[in-house]
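Below: the structure, in C-alpha coordinates.
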Amino acid sequence: MATATRLLGWRVASWRMRPPPAGFVSQRAHSLLPVDDAINGLSEEQRQLRQTVAKFLQEHLAPKAQEIDRSNEFKNLREFWKQLGNLGVLGITAPVQYGGSGLGYLEHVLVMEEISRASGAVGLSYGAHSNLCINQLVRNGNEAQKEKYLPKLISGEYIGALAMSEPNAGSDVVSMKLKAEKKGNHYILNGNKFWITNGPDADVLIVYAKTDLAAVPASRGITAFIVEKGMPGFSTSKKLDKLGMRGSNTCELIFEDCKVPAANILGHENKGVYVLMSGLDLERLVLAGGPLGLMQAVLDHTIPYLHVREAFGQKIGHFQLMQGKMADMYTRLMACRQYVYNVAKACDEGHCTAKDCAGVILYSAECATQVALDGIQCFGGNGYINDFPMGRFLRDAKLYEIGAGTSEVRRLVIGRAFNADFH
(Lines of atoms letter the chains of each structure in order from A and count residues from 1; the text may use other names and numbers.)
(Lines give C-alpha, C1' and ligand atoms only; values in the text may rest on other atoms or scores of the structure.)
Protein backbone atom coordinates (compact mmCIF):
# COMPACT_ATOMS: atom_id res chain seq x y z
CA MET A 1 0.00 0.00 0.00
CA ALA A 2 1.23 3.45 -0.83
CA THR A 3 2.45 5.37 2.17
CA ALA A 4 1.03 8.69 3.25
CA THR A 5 4.40 10.23 2.42
CA ARG A 6 4.17 8.94 -1.12
CA LEU A 7 0.54 10.09 -1.30
CA LEU A 8 1.43 13.64 -0.41
CA GLY A 9 4.85 13.65 -2.07
CA TRP A 10 6.38 17.06 -2.48
CA ARG A 11 3.03 18.77 -1.96
CA VAL A 12 3.23 19.24 1.80
CA ALA A 13 5.69 18.70 4.62
CA SER A 14 5.28 15.65 6.84
CA TRP A 15 3.63 17.10 9.92
CA ARG A 16 3.26 15.34 13.23
CA MET A 17 0.54 16.20 15.72
CA ARG A 18 1.56 16.39 19.37
CA PRO A 19 -0.68 15.79 22.38
CA PRO A 20 -1.92 19.02 23.99
CA PRO A 21 0.30 20.27 26.80
CA ALA A 22 -0.69 20.02 30.44
CA GLY A 23 -3.29 22.58 31.36
CA PHE A 24 -4.57 22.79 27.80
CA VAL A 25 -7.77 24.87 27.91
CA SER A 26 -7.92 26.53 24.50
CA GLN A 27 -11.40 27.61 23.44
CA ARG A 28 -10.45 28.25 19.82
CA ALA A 29 -12.62 26.66 17.12
CA HIS A 30 -9.64 24.64 15.94
CA SER A 31 -8.48 23.20 19.28
CA LEU A 32 -7.78 19.47 19.07
CA LEU A 33 -7.76 16.47 21.36
CA PRO A 34 -5.37 13.64 20.47
CA VAL A 35 -6.83 10.62 18.66
CA ASP A 36 -5.39 7.32 19.89
CA ASP A 37 -4.90 5.50 16.60
CA ALA A 38 -3.01 2.67 18.29
CA ILE A 39 -6.40 1.61 19.67
CA ASN A 40 -7.99 2.29 16.29
CA GLY A 41 -5.63 -0.20 14.66
CA LEU A 42 -4.23 2.15 12.03
CA SER A 43 -0.91 1.61 10.32
CA GLU A 44 1.88 4.16 10.65
CA GLU A 45 1.09 5.45 7.16
CA GLN A 46 -2.60 5.87 8.00
CA ARG A 47 -1.75 7.69 11.23
CA GLN A 48 0.55 10.03 9.32
CA LEU A 49 -2.20 10.65 6.79
CA ARG A 50 -4.60 11.67 9.56
CA GLN A 51 -2.03 13.91 11.22
CA THR A 52 -1.08 15.65 8.00
CA VAL A 53 -4.64 16.24 6.84
CA ALA A 54 -5.79 17.30 10.32
CA LYS A 55 -3.07 19.93 10.67
CA PHE A 56 -3.84 21.41 7.26
CA LEU A 57 -7.59 21.51 7.91
CA GLN A 58 -7.37 22.90 11.43
CA GLU A 59 -5.25 25.76 10.09
CA HIS A 60 -7.07 26.48 6.83
CA LEU A 61 -10.70 25.39 7.35
CA ALA A 62 -11.74 25.09 11.00
CA PRO A 63 -11.37 28.84 11.79
CA LYS A 64 -13.80 29.58 8.93
CA ALA A 65 -16.42 26.98 9.86
CA GLN A 66 -18.63 29.23 11.99
CA GLU A 67 -18.77 31.94 9.33
CA ILE A 68 -19.46 29.40 6.59
CA ASP A 69 -22.41 28.16 8.64
CA ARG A 70 -23.68 31.63 9.54
CA SER A 71 -23.56 32.99 5.99
CA ASN A 72 -24.47 29.71 4.26
CA GLU A 73 -21.57 30.42 1.91
CA PHE A 74 -17.97 29.26 1.50
CA LYS A 75 -16.51 32.24 -0.32
CA ASN A 76 -13.17 30.61 -1.13
CA LEU A 77 -14.58 27.22 -2.14
CA ARG A 78 -12.81 27.01 -5.51
CA GLU A 79 -9.45 27.99 -4.06
CA PHE A 80 -9.84 25.56 -1.17
CA TRP A 81 -10.84 22.75 -3.53
CA LYS A 82 -7.59 23.22 -5.44
CA GLN A 83 -5.70 23.08 -2.14
CA LEU A 84 -7.37 19.73 -1.42
CA GLY A 85 -6.33 18.65 -4.90
CA ASN A 86 -2.73 19.65 -4.20
CA LEU A 87 -2.91 17.75 -0.92
CA GLY A 88 -3.87 14.62 -2.85
CA VAL A 89 -7.15 13.78 -1.11
CA LEU A 90 -9.80 14.47 -3.77
CA GLY A 91 -8.91 11.36 -5.74
CA ILE A 92 -7.86 9.26 -2.81
CA THR A 93 -9.34 6.03 -4.23
CA ALA A 94 -8.57 6.93 -7.88
CA PRO A 95 -5.68 5.34 -9.80
CA VAL A 96 -2.37 7.20 -9.89
CA GLN A 97 -2.47 7.35 -13.71
CA TYR A 98 -5.31 9.91 -13.52
CA GLY A 99 -3.68 11.92 -10.75
CA GLY A 100 -5.23 9.95 -7.90
CA SER A 101 -3.59 8.53 -4.80
CA GLY A 102 -4.48 4.86 -5.31
CA LEU A 103 -5.41 4.30 -1.66
CA GLY A 104 -8.36 2.51 -0.08
CA TYR A 105 -11.70 3.19 1.53
CA LEU A 106 -10.24 3.29 5.04
CA GLU A 107 -8.03 6.19 3.99
CA HIS A 108 -11.06 7.77 2.34
CA VAL A 109 -13.00 7.48 5.60
CA LEU A 110 -10.11 9.03 7.55
CA VAL A 111 -10.00 12.08 5.29
CA MET A 112 -13.80 12.39 5.36
CA GLU A 113 -13.64 12.27 9.16
CA GLU A 114 -10.99 14.96 9.49
CA ILE A 115 -12.65 17.36 7.03
CA SER A 116 -15.95 16.91 8.89
CA ARG A 117 -14.14 17.50 12.17
CA ALA A 118 -13.11 20.91 10.84
CA SER A 119 -16.41 21.66 9.06
CA GLY A 120 -19.35 19.29 8.69
CA ALA A 121 -20.62 21.19 5.67
CA VAL A 122 -17.36 21.08 3.74
CA GLY A 123 -16.99 17.43 4.72
CA LEU A 124 -20.35 16.67 3.10
CA SER A 125 -19.33 18.48 -0.08
CA TYR A 126 -16.07 16.55 -0.08
CA GLY A 127 -17.94 13.25 0.19
CA ALA A 128 -20.22 14.14 -2.71
CA HIS A 129 -17.24 15.13 -4.85
CA SER A 130 -14.72 12.42 -4.00
CA ASN A 131 -17.02 9.43 -3.56
CA LEU A 132 -20.36 10.05 -5.25
CA CYS A 133 -18.78 11.56 -8.36
CA ILE A 134 -15.10 10.60 -8.68
CA ASN A 135 -15.39 7.08 -7.29
CA GLN A 136 -18.40 6.35 -9.51
CA LEU A 137 -16.37 7.39 -12.54
CA VAL A 138 -13.44 5.26 -11.39
CA ARG A 139 -15.63 2.19 -10.90
CA ASN A 140 -17.94 2.53 -13.91
CA GLY A 141 -16.42 4.89 -16.47
CA ASN A 142 -14.80 3.81 -19.71
CA GLU A 143 -11.26 4.86 -20.53
CA ALA A 144 -12.29 7.90 -22.57
CA GLN A 145 -14.55 9.16 -19.77
CA LYS A 146 -11.87 8.67 -17.13
CA GLU A 147 -9.25 10.48 -19.16
CA LYS A 148 -11.62 13.36 -19.88
CA TYR A 149 -13.05 14.00 -16.42
CA LEU A 150 -10.91 12.48 -13.67
CA PRO A 151 -7.76 14.66 -13.88
CA LYS A 152 -9.67 17.93 -13.46
CA LEU A 153 -11.93 16.52 -10.73
CA ILE A 154 -8.93 15.12 -8.86
CA SER A 155 -6.92 18.36 -9.14
CA GLY A 156 -9.83 20.42 -7.81
CA GLU A 157 -10.26 22.40 -11.02
CA TYR A 158 -13.70 20.83 -11.35
CA ILE A 159 -16.29 20.21 -8.63
CA GLY A 160 -18.36 17.03 -8.88
CA ALA A 161 -21.82 15.91 -7.77
CA LEU A 162 -24.30 13.06 -8.09
CA ALA A 163 -28.05 13.41 -8.70
CA MET A 164 -30.48 10.64 -7.76
CA SER A 165 -33.28 12.15 -5.70
CA GLU A 166 -36.32 14.02 -6.99
CA PRO A 167 -39.13 15.94 -5.26
CA ASN A 168 -41.23 12.74 -5.13
CA ALA A 169 -38.47 10.15 -5.32
CA GLY A 170 -36.23 10.16 -2.26
CA SER A 171 -36.06 6.79 -0.50
CA ASP A 172 -38.11 5.33 -3.38
CA VAL A 173 -35.47 6.45 -5.84
CA VAL A 174 -36.41 4.02 -8.64
CA SER A 175 -39.71 5.87 -9.02
CA MET A 176 -37.77 8.82 -10.50
CA LYS A 177 -39.47 10.75 -13.32
CA LEU A 178 -36.50 12.41 -15.04
CA LYS A 179 -36.83 11.11 -18.60
CA ALA A 180 -34.06 10.55 -21.15
CA GLU A 181 -35.24 9.99 -24.72
CA LYS A 182 -32.75 8.82 -27.34
CA LYS A 183 -32.49 10.89 -30.52
CA GLY A 184 -29.66 9.92 -32.82
CA ASN A 185 -26.35 10.08 -30.96
CA HIS A 186 -27.82 12.03 -28.05
CA TYR A 187 -30.34 11.71 -25.25
CA ILE A 188 -32.82 14.47 -24.46
CA LEU A 189 -33.37 14.85 -20.71
CA ASN A 190 -36.51 16.41 -19.23
CA GLY A 191 -37.39 16.68 -15.56
CA ASN A 192 -35.91 17.68 -12.21
CA LYS A 193 -33.59 16.50 -9.47
CA PHE A 194 -33.78 17.79 -5.90
CA TRP A 195 -31.62 18.05 -2.74
CA ILE A 196 -28.44 17.78 -4.82
CA THR A 197 -25.27 18.39 -2.80
CA ASN A 198 -22.78 20.56 -4.73
CA GLY A 199 -25.50 21.19 -7.33
CA PRO A 200 -24.98 24.97 -7.58
CA ASP A 201 -21.19 24.60 -7.94
CA ALA A 202 -20.73 21.35 -9.86
CA ASP A 203 -18.96 21.24 -13.21
CA VAL A 204 -19.54 17.49 -13.67
CA LEU A 205 -22.54 15.54 -12.39
CA ILE A 206 -23.54 11.87 -12.44
CA VAL A 207 -27.29 11.98 -13.20
CA TYR A 208 -29.75 9.07 -13.16
CA ALA A 209 -32.69 9.14 -15.56
CA LYS A 210 -35.38 6.83 -16.95
CA THR A 211 -34.56 5.58 -20.46
CA ASP A 212 -37.32 2.92 -20.51
CA LEU A 213 -40.54 4.15 -18.92
CA ALA A 214 -42.29 0.82 -19.56
CA ALA A 215 -39.65 -1.35 -17.89
CA VAL A 216 -40.87 -3.88 -15.31
CA PRO A 217 -39.61 -3.64 -12.69
CA ALA A 218 -38.97 0.09 -13.02
CA SER A 219 -35.35 -0.30 -11.90
CA ARG A 220 -34.51 -1.95 -15.22
CA GLY A 221 -35.16 1.26 -17.12
CA ILE A 222 -32.65 3.55 -15.36
CA THR A 223 -29.47 4.87 -16.99
CA ALA A 224 -26.61 6.91 -15.51
CA PHE A 225 -25.33 9.91 -17.49
CA ILE A 226 -22.37 12.27 -17.13
CA VAL A 227 -23.74 15.81 -17.38
CA GLU A 228 -21.58 18.91 -17.66
CA LYS A 229 -22.32 22.44 -16.54
CA GLY A 230 -23.21 24.50 -19.60
CA MET A 231 -24.91 21.75 -21.56
CA PRO A 232 -27.90 23.30 -23.40
CA GLY A 233 -31.11 22.83 -21.43
CA PHE A 234 -29.41 22.20 -18.08
CA SER A 235 -29.77 24.75 -15.29
CA THR A 236 -29.88 24.98 -11.50
CA SER A 237 -32.37 26.68 -9.24
CA LYS A 238 -31.34 28.86 -6.29
CA LYS A 239 -29.53 27.08 -3.50
CA LEU A 240 -31.65 25.80 -0.63
CA ASP A 241 -31.68 27.40 2.82
CA LYS A 242 -31.02 24.35 5.00
CA LEU A 243 -31.21 23.70 8.74
CA GLY A 244 -27.66 22.39 8.81
CA MET A 245 -24.74 21.66 6.52
CA ARG A 246 -24.89 25.33 5.62
CA GLY A 247 -22.23 26.30 3.12
CA SER A 248 -22.47 22.89 1.48
CA ASN A 249 -24.53 24.19 -1.39
CA THR A 250 -27.64 22.23 -2.33
CA CYS A 251 -30.19 22.92 -5.04
CA GLU A 252 -32.70 21.65 -7.58
CA LEU A 253 -31.44 20.65 -11.03
CA ILE A 254 -33.62 21.49 -14.02
CA PHE A 255 -33.50 19.66 -17.35
CA GLU A 256 -35.44 21.21 -20.23
CA ASP A 257 -34.65 19.37 -23.46
CA CYS A 258 -31.09 18.94 -22.19
CA LYS A 259 -28.97 17.35 -24.91
CA VAL A 260 -26.46 14.79 -23.57
CA PRO A 261 -24.19 12.76 -25.90
CA ALA A 262 -24.73 9.00 -25.91
CA ALA A 263 -21.00 8.75 -25.23
CA ASN A 264 -21.76 10.18 -21.77
CA ILE A 265 -23.64 7.11 -20.59
CA LEU A 266 -21.91 5.80 -17.46
CA GLY A 267 -21.97 2.02 -17.68
CA HIS A 268 -24.70 0.72 -19.98
CA GLU A 269 -28.15 1.84 -21.09
CA ASN A 270 -30.91 0.64 -18.74
CA LYS A 271 -28.27 -0.74 -16.34
CA GLY A 272 -27.96 2.35 -14.19
CA VAL A 273 -29.53 0.70 -11.16
CA TYR A 274 -26.41 -1.47 -10.80
CA VAL A 275 -24.23 1.62 -10.84
CA LEU A 276 -26.60 3.26 -8.37
CA MET A 277 -26.96 0.46 -5.83
CA SER A 278 -23.31 -0.65 -5.76
CA GLY A 279 -22.28 2.96 -5.41
CA LEU A 280 -24.81 3.52 -2.63
CA ASP A 281 -23.14 0.93 -0.40
CA LEU A 282 -19.78 2.66 -0.71
CA GLU A 283 -21.43 6.08 -0.35
CA ARG A 284 -22.85 5.01 3.00
CA LEU A 285 -19.49 3.68 4.13
CA VAL A 286 -17.48 6.77 3.21
CA LEU A 287 -20.11 9.21 4.45
CA ALA A 288 -20.07 7.40 7.81
CA GLY A 289 -16.78 9.22 8.36
CA GLY A 290 -18.79 12.44 8.60
CA PRO A 291 -20.52 11.58 11.89
CA LEU A 292 -17.18 10.40 13.28
CA GLY A 293 -15.65 13.80 12.56
CA LEU A 294 -18.60 15.62 14.08
CA MET A 295 -18.44 13.54 17.26
CA GLN A 296 -14.71 14.23 17.54
CA ALA A 297 -15.39 17.95 17.06
CA VAL A 298 -17.94 17.86 19.89
CA LEU A 299 -15.31 16.29 22.15
CA ASP A 300 -12.66 18.77 20.96
CA HIS A 301 -14.81 21.61 22.25
CA THR A 302 -16.62 20.02 25.18
CA ILE A 303 -13.78 18.36 27.12
CA PRO A 304 -11.67 21.55 27.41
CA TYR A 305 -14.80 23.57 28.27
CA LEU A 306 -15.67 21.23 31.14
CA HIS A 307 -12.23 21.92 32.59
CA VAL A 308 -12.51 25.70 32.32
CA ARG A 309 -16.11 26.39 33.36
CA GLU A 310 -16.58 26.54 37.13
CA ALA A 311 -19.64 26.13 39.33
CA PHE A 312 -19.95 25.66 43.08
CA GLY A 313 -16.24 26.35 43.43
CA GLN A 314 -14.88 23.69 41.09
CA LYS A 315 -14.46 22.77 37.44
CA ILE A 316 -17.72 21.28 36.24
CA GLY A 317 -15.83 18.40 34.61
CA HIS A 318 -15.25 17.05 38.14
CA PHE A 319 -18.96 16.59 38.76
CA GLN A 320 -19.95 12.94 38.42
CA LEU A 321 -22.81 13.69 36.03
CA MET A 322 -20.45 15.55 33.70
CA GLN A 323 -17.95 12.70 33.93
CA GLY A 324 -20.79 10.45 32.84
CA LYS A 325 -21.44 12.68 29.83
CA MET A 326 -17.77 12.59 28.86
CA ALA A 327 -17.71 8.81 29.16
CA ASP A 328 -20.87 8.37 27.10
CA MET A 329 -19.69 10.68 24.32
CA TYR A 330 -16.26 9.09 24.14
CA THR A 331 -17.44 5.48 24.14
CA ARG A 332 -20.08 6.15 21.49
CA LEU A 333 -17.43 7.71 19.25
CA MET A 334 -14.93 4.91 19.79
CA ALA A 335 -17.49 2.16 19.21
CA CYS A 336 -18.54 3.83 15.97
CA ARG A 337 -14.92 4.21 14.88
CA GLN A 338 -14.21 0.51 15.28
CA TYR A 339 -17.31 -0.46 13.28
CA VAL A 340 -16.69 2.02 10.47
CA TYR A 341 -12.95 1.34 10.22
CA ASN A 342 -13.40 -2.43 10.19
CA VAL A 343 -16.07 -2.34 7.48
CA ALA A 344 -13.77 -0.07 5.45
CA LYS A 345 -10.89 -2.51 5.91
CA ALA A 346 -13.15 -5.36 4.78
CA CYS A 347 -14.17 -3.43 1.67
CA ASP A 348 -10.51 -2.81 0.87
CA GLU A 349 -10.01 -6.58 1.07
CA GLY A 350 -12.91 -7.23 -1.32
CA HIS A 351 -15.60 -8.05 1.25
CA CYS A 352 -18.27 -5.35 1.03
CA THR A 353 -21.83 -6.03 2.24
CA ALA A 354 -24.90 -3.83 1.91
CA LYS A 355 -25.91 -4.83 5.44
CA ASP A 356 -22.82 -3.43 7.11
CA CYS A 357 -22.45 -0.41 4.84
CA ALA A 358 -25.97 0.51 5.95
CA GLY A 359 -25.11 -0.43 9.52
CA VAL A 360 -22.10 1.84 9.89
CA ILE A 361 -23.92 4.99 8.84
CA LEU A 362 -27.09 4.04 10.73
CA TYR A 363 -25.21 3.65 13.99
CA SER A 364 -22.70 6.47 13.59
CA ALA A 365 -25.34 8.97 12.45
CA GLU A 366 -27.66 8.32 15.38
CA CYS A 367 -24.76 8.34 17.82
CA ALA A 368 -23.53 11.65 16.39
CA THR A 369 -26.91 13.27 17.00
CA GLN A 370 -26.90 12.04 20.60
CA VAL A 371 -23.29 13.11 21.17
CA ALA A 372 -24.12 16.58 19.83
CA LEU A 373 -27.09 16.80 22.20
CA ASP A 374 -24.88 15.75 25.11
CA GLY A 375 -22.33 18.38 24.12
CA ILE A 376 -24.99 21.08 24.17
CA GLN A 377 -26.07 19.92 27.63
CA CYS A 378 -22.50 20.13 28.90
CA PHE A 379 -22.27 23.73 27.69
CA GLY A 380 -25.56 24.62 29.39
CA GLY A 381 -26.85 28.03 28.32
CA ASN A 382 -23.78 28.63 26.19
CA GLY A 383 -24.63 25.54 24.17
CA TYR A 384 -27.82 27.27 23.04
CA ILE A 385 -26.00 30.37 21.82
CA ASN A 386 -24.80 30.51 18.23
CA ASP A 387 -21.53 32.18 19.26
CA PHE A 388 -20.55 28.63 20.24
CA PRO A 389 -20.42 25.82 17.65
CA MET A 390 -22.48 23.25 19.55
CA GLY A 391 -25.74 23.98 17.75
CA ARG A 392 -23.96 23.68 14.41
CA PHE A 393 -22.73 20.21 15.32
CA LEU A 394 -26.28 19.10 16.11
CA ARG A 395 -27.77 20.57 12.95
CA ASP A 396 -25.02 19.03 10.83
CA ALA A 397 -25.24 15.62 12.50
CA LYS A 398 -28.98 15.29 11.86
CA LEU A 399 -28.41 15.30 8.09
CA TYR A 400 -26.72 11.91 8.29
CA GLU A 401 -29.95 10.33 9.59
CA ILE A 402 -31.65 11.51 6.38
CA GLY A 403 -29.16 11.64 3.50
CA ALA A 404 -27.78 8.55 1.69
CA GLY A 405 -30.93 6.70 2.69
CA THR A 406 -32.77 7.47 5.91
CA SER A 407 -32.22 5.58 9.15
CA GLU A 408 -35.50 3.80 8.47
CA VAL A 409 -34.34 2.60 5.04
CA ARG A 410 -31.01 1.47 6.50
CA ARG A 411 -32.88 -0.65 9.03
CA LEU A 412 -34.87 -2.19 6.18
CA VAL A 413 -31.64 -3.02 4.33
CA ILE A 414 -30.23 -4.75 7.40
CA GLY A 415 -33.46 -6.58 8.22
CA ARG A 416 -33.95 -7.79 4.65
CA ALA A 417 -30.38 -9.07 4.56
CA PHE A 418 -31.14 -11.33 7.51
CA ASN A 419 -34.48 -12.37 6.04
CA ALA A 420 -32.75 -13.37 2.80
CA ASP A 421 -30.79 -15.97 4.76
CA PHE A 422 -34.04 -17.65 5.83
CA HIS A 423 -36.17 -17.50 2.67
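Keep in mind that glycine also has a Cβ here, set from the backbone N, Cα and C atoms.
As annotated by Swiss-Prot, active site, proton acceptor applies to E283, with the evidence given as similarity to another entry. According to its DSSP assignment, E283 (active site, proton acceptor) is helical. The C-beta environment of E283 (active site, proton acceptor), restricted to residues of the same chain at least 6 apart in sequence and closer than 8 Å, consists of G127, N131, L132, A404.
The feature FAD binding site is assigned by Swiss-Prot to 162-171, 195-197, R309, Q320, 377-381, 406-408, with similarity to another entry given as support. Secondary structure at T197 (FAD binding site), taken from DSSP and collapsed to helix, strand or coil, is strand. Around the Cβ of T197 (FAD binding site), a 10 Å sphere holds 25 further Cβ atoms from the protein chains shown.
The feature substrate binding site is assigned by Swiss-Prot to S171, S219, R220, Y274, D281, L282, E283, R284, A404, G405.
Around the Cβ of K55 (N6-succinyllysine), a 10 Å sphere holds 17 further Cβ atoms from the protein chains shown. What Swiss-Prot records for K55 (among others) is N6-succinyllysine, and it gives similarity to another entry as the kind of evidence.
Annotation note: K55 (N6-succinyllysine) sits in a helical segment as assigned by DSSP. As annotated by Swiss-Prot, N6-acetyllysine applies to K55 (among others).
Under the DSSP three-state reduction, K64 (N6-acetyllysine) is assigned to helix. Applying an 8 A CB threshold to same-chain residues 6+ apart, the list for K64 (N6-acetyllysine) reads F74, N76, S119. Annotation comment: Swiss-Prot describes K64 (among others) as N6-acetyllysine, evidence class similarity to another entry.
Residues annotated as N6-succinyllysine in Swiss-Prot: K64 (among others).
Among the features that Swiss-Prot reports, N6-succinyllysine is placed at K75 (among others). A sphere of 10 angstroms centred on the C-beta of K75 (N6-succinyllysine) encloses 12 other C-beta atoms.
Sequence annotations record features per position, and here Swiss-Prot assigns N6-acetyllysine to K75 (among others) based on similarity to another entry.
Residues annotated as N6-acetyllysine in Swiss-Prot: K238 (among others). When other Cβ atoms within 10 Å of the Cβ of K238 (N6-acetyllysine) are tallied across all protein chains shown, the result is 8.
The Cβ of K259 (N6-succinyllysine) lies under 8 Å from the Cβ of H186, Y187, I188, M231, P232, G233, each of these being in the same chain and 6 or more residues away along the sequence. Annotation source Swiss-Prot lists N6-succinyllysine at K259 (among others).
Per Swiss-Prot, the feature N6-acetyllysine maps to K259 (among others); the stated evidence is similarity to another entry. DSSP assigns K259 (N6-succinyllysine) to a strand.
Among the features that Swiss-Prot reports, N6-succinyllysine is placed at K315 (among others). DSSP assigns K315 (N6-succinyllysine) to a strand.
Marked as transit peptide by Swiss-Prot: 1-29.
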Other than its own, how many Cβ atoms are within 10 Å of the Cβ belonging to S407 (FAD binding site)? 17
Would you say which of the binding-site residues S165, S171, Q377 has the most Cβ atoms within 10 Å of its own Cβ? S165
Can you give me the Cα-Cα distance between T197 (FAD binding site) and K238 (N6-acetyllysine) in Å, rounded to a whole number? 13
Here the Cα-Cα span from S407 (FAD binding site) to K315 (N6-succinyllysine), rounded to a whole number of angstrom, reaches 38
By Cα-Cα distance, the member of recorded positions K55, S165, K238 nearest D281 (substrate binding site): S165
G380 (FAD binding site) versus K238 (N6-acetyllysine) - Cα distance in angstrom: 36
